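So the structure is just underneath, and the comments pick up after that.
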Amino acid sequence: MSSSARYWYDVSRKWLLVSSVGLLVPNFLIKAPFGRFSPSGDSWLVVDGIKSWVVMELVAPLTFLYAYLRSPLSYYEVNLPELTSPQNVLAGLFLVHYANRAVLGPLRTPSRSRSHLSVTVTGMVFNLANGFALGSYLSSPYARVFLTRGYTYARRSYWVGVGLWVVGFLGNVVHDEVLFEIRRKAKAKGKGKGKEKETKEGMNGNDANETSKDTKIQSEHYAIPQGLLYRYISYPNYLCEWIEWFGFALAAAPVPVASLSALLGVFSLETVKEAWTDPAHVFAPNLAPPWVFFIAEVFFMFPRAYNGHRWYHEKFGERYPKERRAVIPFLV
């Protein structure tokens, strides 16, 4: 294990968490320029939506594979885990998710709105840090001990976690498909009228509004997603992704806190202040990367869901279901 590998592992783990907590409030106020909030006008900083999405998302699995195969936290060269080992199962789950997210999803959607380059770059940085941290963790000596075949396959939390991952992944796919179908129909209708279509859509396929233009007439076409969990919330694919990564963390690493008070302590003002000055290796040492990823996902995505939910109400007014919440059924 090189000292630089350990350093970057700790830095990635720390700042993924600290940045997600620190940017929670600003993200409610500043809408990231992509999807329904994509920038208007022509600029070299505004890039193709699908191409930038693929490049941004491929960083995660590629970095993960590099770290997983190299095992940078090991003190000596180690053999790869056996094919059916828990580490390989969990690595496979991660790669399946990103195969869908970075390749299959873009192939299934007919269009994606342009994105500001800043979104692509920040997304690449997040995926670089997260892929490295997760790949390094799963191939580390600590994970090899915690995920020993006999112990892990007899551990109930492992199977519950894998089950939650499967449920969350399938939920993510089917709810994205609802939105993709909205776009396919709108695009076909736009082509039939001989119009050039500009589609605005969210980062997880959640902004299902289309704008059709020609040289004389500009009209906007919007659709309210229906069915499945869309009956209750505006962003079921976000909720399903949280379920997915909560299950992954539950299967891959020890629960980082023993009580609610300890969990709240992780996010206390005192702890956040100390995080800016303490060395990375002493920050929340028992918080493994799978849990860091889950927490960061929730903190980064919740403001987006809230702002998008408000957008739906502003655009559709009384037509938008009043009982529908943003991302958690019956609550918020």
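Using N, Cα and C of the backbone, Cβ positions are placed for all residues, glycine too.
Remember, TrEMBL labels are computer predictions, not curated facts.
TrEMBL lists transmembrane segment at one of the ranges 50-67, 158-175, namely 158-175. Each residue of the domain '3-oxo-5-alpha-steroid 4-dehydrogenase C-terminal' (217-256) gets a DSSP state, and the totals for helix, strand and coil are 21 helix, 6 strand, 13 coil. Within the chain, the transmembrane segment (158-175) has long-range Cβ neighbours (under 8 A, six or more residues past its boundaries) at 86, 89, 93, 96-97, 100, 152, 204, 225, 228-230, 236-237, 239-252. Mean pLDDT for the domain '3-oxo-5-alpha-steroid 4-dehydrogenase C-terminal' (217-256) in the predicted structure: 87.
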